Amino acid sequence: MASLNALILVCLLYVALLFGVAFLADRAALQGRSGKWMKSPLIYTLSLSIYCTGWTFYGAVGYAARSGLEFATIYLGPTLIMISWWWGLRKLVRVGRSQRITSIADLLSARYGKSNALAICITLLAVVSTTPYIALQLQSITLSFEIFADADPTSGFSEQNTVFWVACGLAAFAILFGTRNLNANERHHGVVTAVALEAVVKLVALLAVGIFVVWGIAGGVEATLAQIDASAIGAWQVMPGRWTTTLFLAAAAFICLPRMFQVMVVENVDERHLKLASWAFPLYLLLISLFVVPIAAVGLHVLPDGANPDLFVLAIPMHQGQDALAMLVFLGGFSSATSMVIVAAMALSTMMSNHIVMPYWLRYRSSRVSVSGDVRNVVLIARRLSIAAIMGLGYLYYVLSGGGTALATIGLVAFAGVSQLLPALVGGLFWRGATRNGALAGITIGFVIWVYSLLLPALGDGLLPADVMEQGPWGVGWLRPQALFGLHSLDPIVHAAFWSLGSNTLIFCLVSLMSFPSPIERLQGAQFVHVFEHSTGPRGWTGSVAQAEDLMVMSQRILGASEAQAFFDDERNRQGVRGGLPEPTPGFLERLERELSASIGAAAAHAMIGQIVGGSSVSVEDLMAVADETAQILEYSSKLETQSTELADTARQLRDSNEKLTQISAQKDAFLSQVSHELRTPMTSIRAFSEILRDVEQMQEADQKRYAAIIHDESLRLTRLLDDILDLSVLEHGQVQLNLRSVVLADVLTRAQATALTGIAQPIDVKRDGDREEIKLFTDADRLAQVFINIITNAQKYCDAEKPVLKISVMHTTDWIHIDFIDNGKGIDKEQSQLVFEKFSRIRPENAGGAGLGLAICREVMQRLNGEIEYFAHTTGSCFRVSVPIHQEI
Ligand code: ADP
């Protein structure tokens, strides 16, 4: 029996061989001398075999042992696509080449207006559906190791360790050959060649086991057929629902799986290769599946009960003591699993770095440093880290799920997951009306339903509690994961595929029909749908020396003189050219394009270089992309413009308020000096007369009384002044308590008149308006009276007519009452009439009785009462108009 050590040695040698092949192929491609064989369609066809993973290599037999011929759908799906839909594939490949597509996420995002949201969404979907699949591969390698280990008790085999080292080794391989260099078209000759070699190994291994089983164990074709008939497989009944669904899922996954897209579209060097592949790949699938049923039937027959059917392929040769064959089978399984993991990790890492890491890195970086610099290293690091992260996820998933049965169903589950891309993909290729919103909505809804109805239930216990599975979340029956909307008679896979793909397609179509595509989306749509009319072939620049100067001038304009000079000098050194300008080699032009695109956007950079080197004329698409970018820049600059206007506005407001503050401060100073002045006058006379009273010893009584009266008057004046100032300050600071009630205007006027004129020797003759005053107001009567008193007092004081008369007339509109106080004096000069409401304003101080605060207080009071006080020059004298709102709402 082969020891585990021998197995590991063979395994390492095999890996070394793969490394060697990959390395040689990569080197040959790099030196541009890839031989005929490397470009042959056979390599392409063989590389498609990464479709057959460890799951198909080992699992197909297990599948057949459990569910009979249903396993064949896994092979029939791709066969159908290859034979009947190869023209569709050709379109896909052509689009991929003409648009320089790097992944399926890139393809869909390019089709739907270069939408990064869509790309991120697809990348997440791809990672979620591929991670368990990678774990499944790790499991198949580990299980096959374990079989050997079981036969070799001295091995000291540890499952956990093995998985870990296998994952590390695969990550190293993918990093080494998947990210060795960045190529504009993302081709990895080394990996593809190694994958092709692995395709041969797995085919040979399965065929060898098959032949051994049929002729070595069963004893010929007829005997084998008899054994099949006798086994459970012979009694297998077709289940049309499941059969159709798995067939459809396999066909869909064949196009949508990120790794399949990688080898079929991204790595395709020549679309004519599809011709051979269209019949040779189905043939490959036929050969690889040819012996699945015999192996399953014979395995069930010869192996002890309870043997894991997933490992029959390996267990039969081991059981029969065929060490060399077992070793070959092991390598076959190893090949299937490794090639899948490597290509999947490469494809996913491209998506992750291009659509998630790089956009965020660029955004973060551009906000801190200048926009130039070689992003190549960053991309490589991002890719490598992404590969490590993906392998890490696969490993983690394996450890957390504990391997075993939970993984067995994952293959089909993953197929259903990636199939969610199908509507958007096919729609994008054939329907110009398909829109980004439609794709995004469809994929999201399909993804969510798939996770809920298939992935979570498939991942085993605990993820969805038993009562959710049986009764639905919160007891809502129609939300049961495997019986959505009460559809409970279906097989879980059929059920999930029906709901997820059905709603995905429906929503995709409906939203597409309802939303309007952006111009770039429409153009891309046309480019995709009519790719054969539009495609231009691969875009590689080639320039002549004469154009180097033009390129230099253009770069100087865009990058700035010194930066452009440095970039060109650097390139010249790289090329080893002495003096002058570097040669515009394709590599240099590509670097220059990238450098320029950092400053002016990818589309504009591409168009400008295209103009100069003339390798391709500027297409409508290029122009649209430029326009799109320009629109973005315009939008950005208009935003800046609005911001700067806003800033200017704020500055102006600040300036205004600053001026106001200065004015207020000046007013305050003036006010203080006025107040102190007003206070000083009465204070001085009070002091003077009180000193006389104190110091003059013999004073006549009459004098004493006179002086005391003066002191009394002055202190009254002082008190009045202080009262006024206090009142004004209370009013100005809005601290007044209004006492609103319903009053009759006539009463207020009568009270004011009485207060103002009682005790006056010759009171002014007041003429009232009689009935018109009988009107109700809702206001603060005391405050209103205060205003009236002030006006009447002023008329009394300042009306210089021989026979002073004050006419109080009342008018009202629907909302307002106007009360005019018109006297027959000289009035106030026009230029001074606006000043009378200012504090301390006295037009004629000589006959002043007050400090000039009265009207200022009136104005404040009226403001509080929501009314107004104005001055009009009247034919007969002055006219003060007080306006009060009738419907007071304070
Ligand atoms: P004062 O305390 O001086 O009365 P006011 O603010 O009440 O202060 O009045 C300001 C100035 O307006 C008065 O000094 C006076 O010169 C002028 N004034 C007010 N009412 C009249 C009027 N009816 N006729 C002429 N001048 C008036």
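From the backbone N, Cα and C atoms, a Cβ is placed for every residue, glycine too.
The transmembrane segment annotation in TrEMBL covers 6-30 (among others).
Under the heading transmembrane segment, TrEMBL lists 42-65 (among others).
The transmembrane segment feature in TrEMBL is assigned to 71-89 (among others).
Under 8 Å from some Cβ of the transmembrane segment (117-136) lie the Cβ atoms of residues 53-55, 104-106, 108-109, 258-259, 340-341, 344-345, 347-348, 351-352, 354-356, 390-391, 393-395, 397-398, 401, 403, 407, 410-411, 413-414, 417-418, 420-421, 436, 439-440, 443-444, 447, 451, 455, 459, all in the same chain and six or more residues away from its ends. Taken from TrEMBL, the feature transmembrane segment applies to 117-136 (among others).
Sequence annotations record features per position, and here TrEMBL assigns transmembrane segment to 162-179 (among others). Beyond the transmembrane segment (162-179), the same-chain residues lying 6 or more positions past its ends with a Cβ under 8 Å from any Cβ of the stretch are 15, 18-19, 22-23, 26, 138-139, 141-142, 145-146, 188, 190-191, 194, 338, 341-342, 345-346, 349, 380, 383-384, 387-388, 391-392, 394-395, 398-399.
For 191-218 (among others), the entry in TrEMBL reads transmembrane segment.
Annotated transmembrane segment per TrEMBL: 243-261 (among others), in sequence order.
Sequence annotations record features per position, and here TrEMBL assigns transmembrane segment to 281-304 (among others).
As annotated by TrEMBL, transmembrane segment applies to 324-357 (among others). If you look at the transmembrane segment (324-357), the same-chain residues 6 or more away from its ends with a CB under 8 A from one of its CBs are 2, 7, 10-11, 14, 18, 49-50, 52-54, 56-58, 102-106, 109, 116, 119-120, 122-123, 126-127, 130, 133-134, 137-138, 140-141, 144, 148, 170-171, 173-174, 177-179, 186, 188, 191, 194-195, 198-199, 201-206, 208-209, 212, 258-259, 261-263, 266, 313-314, 317-318, 379, 382-387, 389-391, 394.
The annotation transmembrane segment is assigned in TrEMBL to 378-400 (among others).
Residues or ranges marked as transmembrane segment by TrEMBL: 406-431 (among others).
Sequence annotations record features per position, and here TrEMBL assigns transmembrane segment to 438-459 (among others). Under 8 Å from some Cβ of the transmembrane segment (438-459) lie the Cβ atoms of residues 108, 112, 115, 117-118, 121-122, 125, 128-129, 132, 401, 406, 409-410, 413, 416-417, 420-421, 423-424, 427-428, 469, 481-482, 484, 492-493, 495-496, 499-501, 503-513, 515, all in the same chain and six or more residues away from its ends.
Under the heading coiled coil, TrEMBL lists 640-667.
Under the heading domain 'Histidine kinase', TrEMBL lists 674-888.
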Leading stretch by Cβ pairs under 8 Å, where the reference is the transmembrane segment (71-89) and the options are 6-30, 42-65, 191-218, 281-304, 406-431:
281-304
Ranked first among 42-65, 191-218, 243-261, 378-400 for CB pairs under 8 angstroms with the transmembrane segment (6-30):
191-218
Hey, which of 191-218, 281-304, 378-400, 406-431 has the most Cβ-Cβ pairs under 8 Å against the transmembrane segment (243-261)?
406-431
Confidence summary for the domain 'Histidine kinase' (674-888), mean pLDDT rounded:
87
